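Visitor: Have a look at this one.
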Amino acid sequence: MKRQSALVVFSGGQDSTTCLFWALKHYETVELVTFAYGQRHSLEIEVAKEIAQEQGLKHHVLDMSLLGQITENALTSDIEIEAEKGEVPNTFVDGRNHLFLSFAAVLAKQRGIIDIVTGVCETDFSGYPDCRDVFVKSLNVTLNLAMAYDFVIQTPLMWLDKAETWALADQLGAFDYVREKTLTCYNGIIGTGCGDCPACHLRQKGLEKYLAEKGDA
């Protein structure tokens, strides 16, 4: 039995698009919310809009440009991507998931939606503290207390590695769609990406592992 409605935090990338198709399977009504936070590649927002339109879903785009004004990182500033071993990579945007989920919750309540779906994942941990299960559970409690509302933050990818995320997309009938139409690349290249940035490496490594396990490599 499908639940009534869900709001998906949506960037147009592999993970959030997989979550979109997961939500379509589990909910009667699905809406999307995308945040414009000053990211270097505004193409991300256009990709999200295009996918939302193709799927016939209501799509909210919220202006969070202030975040790009108060943080300096490789996703909002023109600086080289760095990832030192044992340190948080400079692609981490301080407060991003905290703020995104908080604003998504405000929107969800106004829309009469309880379930918020996000593609954060702890298994392929990239050093991002706001992708941890403990953070999401803590914020869920805080949001419920703050707004006297029974939100449920759904994290269908939390314990999946990238190969398993590809497998889920395949199970949902969305493998080719996710592979060809999503934007994960930090350098703004749709689909296969640049092949050089950390996001592309993680995505491609997971894809190769999944195809090898499936016997399609």
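Positions of Cβ are set from backbone N, Cα and C atoms, glycine also.
Pulled these from Swiss-Prot:
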type    : residues                                              : note
BINDING : F10, S11, G12, G13, Q14, D15, S16, T17, T18, C19, L20 : ATP binding site
BINDING : C185, C194, C197, C200                                : Zn(2+) binding site
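What's the neighbourhood like for each of these?
Guide: L20 (ATP binding site) carries a helical DSSP state (H, G or I).
DSSP gives C200 (Zn(2+) binding site) a helix state. The Cβ neighbour count for C200 (Zn(2+) binding site), using a 10 Å radius and every protein chain shown, is 18.
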Visitor: Do me a favour and check the Cα-Cα span between C194 (Zn(2+) binding site) and Q14 (ATP binding site); whole Å is fine.
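Guide: About 15 Å separates the two Cα atoms.
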Visitor: Starting from the ATP site formed by F10, S11, G12, G13, Q14, D15, S16, T17, T18, C19, L20, give every other residue of that chain whose CB sits within 8 Å of the mean position of their CB atoms, in sequence order.
Guide: V8, G119, V178, T182
Visitor: To the nearest whole angstrom, state the Cα distance for the pair C200 (Zn(2+) binding site) and L20 (ATP binding site).
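Guide: Their Cα atoms are separated by 20 Å.
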Visitor: Please list residues from the chain of F10 (ATP binding site) whose Cβ is under 8 angstroms from its Cβ, counting only those at least six apart in sequence.
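Guide: The list for F10 (ATP binding site) reads S16, T17, C19, L20, L32, V33, T34, A48, I51, A52, H59, given in order along the sequence.
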